[in-house]
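The structure under discussion appears below in the form of structure tokens.
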Amino acid sequence: MSELLQDPFVQSSVLPLLAGLILVGALHLLRRSLAAAGIAAGFLVVFAMVIGLPALPPPSSMGKLFWASAVGLLLGAAADAAGVRGRVASAVLAVWLAASLLWIALPALDSAVAVVTLVILLGTAACVAFARGSETHGSEGGGSEGGGSPTAPAASLLALALAVGGTALIGSSASIAQMALALAASAGAFLLWNWPVERHGWGLSGRVATGIAVLLAAVLALFTQTQAAVLLLALPALLAGHVRRFLPQGDGLIGRAASAAAVTVVAVLPALVAIGAAYALTGGEASPY
Amino acid sequence: MKKTLFAAALFAATAIGAVAPAFAAPVSYKIDPAHTAVAFIVNHVAFSNVIGRFNTVGGDVTFDKDAVEKSVVNVTIDTASVDTNHAKRDEHLRSPDFFNAKEFPKMTFKSTKIEKTGDKTGKLHGDLTMLGVTKPVVLDITFNKDGVSPASKLETAGFSARGTVKRTDFGMKYGAPAIGDDIQLLIEVEAVKS
């Protein structure tokens, strides 16, 4: 069993998928509006199991990523439990994400490229926090509560996390790759809970999980030699909610299931383009060594 | 009176001369990067042992030949200079998975104590700082030779050190224990009088 848990493939797919399924389900039972918090919770559990519980105060960017994510999870869960939404929720998310990015990035700001990278990351964070529809896009769908239909934003998160994970894997940063793929698997677990019937709201907890993908991208871009610029190609995945409006909305259970699957596939396409670009830039080397 | 003063002066000079070697001043040396190597051996999934080294090493040694225990060693290693003869692996070793070179560009060793165990051998105690974590380590050290190098014509001291550290003690947990936790260190140093 312990040998199985040591397997990097299990650590970044099966384990976080199971953790996500269990935690989303458990939080659903506790309070339905908290279900999306299961994504970040699943990510943190897998982080602690695979990389270990980082020290406090954390000496490295990965440790900061963990604790910043933990704070985000608490903020998201508290806001969703209290029913905080709208501009207040966006402001809370923006402050948390910007502070976390600055905390992580500070030791790496030794060049113009690093500063530009941070500005791009802060811009992405602002999109996650304030972009029209980031909280409620696709809200015309399903029977969810507390913050809109979850399929499109969860598909956006799945795509961003896959893009970070795939790019990191190609760029020889295995632990970032594993954690990003774990986040993607945890988002996948949430999507499974909401397919074919949407059961949960996305809320601030879901948006915090998307913020964690941005933090992972920050660690990858600022502390490794990976071709992280290709992640810009994955940003259109954030528009999944808008894309959904142009896709045919099916009637009945099968129609809704097909519609949700189509949104997910469309969202993941930019991530595949980004991973393809990273692969091409490394000269088509599939395995680092 | 003059005779007495002369005798006293002679005695004093002799006495000082006799004890002088015990108070011989420690000599400062600078590590010669051309003749210094910090190498490591790490087990790779039980199949083989990978050998690597750091190409940029600096530091200084204060060597007291007559009281080796009083010698001091300070070494600084650029973590980005890690070299295992494979570019992709070296890139991985510089990433946050291992040395996290961007965030922790230097690794340092500061000696705290030297114990003599034989004519030319000893135990070098010191603090190794890696990834922002400082832990005590002990290296087996051999004092090889000191004197004027026939090659450089400079006053030179040379020593070898061997030891083992656990990388997870420093928070470098990626891949352990499949990628070995125990790292064997092989250190060869030549230091030139500064």
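Placed from the backbone N, Cα and C atoms, the Cβ positions cover glycine too.
Feature annotations, reproduced from TrEMBL:
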type: TRANSMEM; residues: A:12-30; note: transmembrane segment
type: TRANSMEM; residues: A:37-56; note: transmembrane segment
type: TRANSMEM; residues: A:88-106; note: transmembrane segment
type: TRANSMEM; residues: A:112-131; note: transmembrane segment
type: TRANSMEM; residues: A:152-170; note: transmembrane segment
type: TRANSMEM; residues: A:176-195; note: transmembrane segment
type: TRANSMEM; residues: A:259-281; note: transmembrane segment
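Looking at which of A:12-30, A:88-106, A:112-131, A:152-170, A:259-281 has the most CB pairs under 8 Å to the transmembrane segment (A:37-56), the answer is the stretch A:12-30. Taking residue pairs at least 6 apart in sequence, the transmembrane segment (A:152-170) and the transmembrane segment (A:112-131) share fewer than three C-beta contacts under 8 angstroms. Long-range contacts of the transmembrane segment (A:12-30) within the same chain: residues 5, 36-39, 41-43, 45-46, 49-50, 165, 177-179, 181-183, 185-190, 192-193, 199-200, each at least 6 residues beyond the stretch ends and with a Cβ under 8 Å from a Cβ of the stretch. Remote same-chain partners of the transmembrane segment (A:176-195), defined as residues 6 or more beyond its termini with a Cβ less than 8 Å from a stretch Cβ, comprise 8, 11-21, 24-25, 28, 35-36, 38-40, 42-43, 46-47, 50-51, 62, 65, 142, 144, 150-151, 154-155, 157-158, 161-162, 164-166, 168-169, 206, 209, 212-213, 216, 219-220, 224, 257, 260-261, 264.
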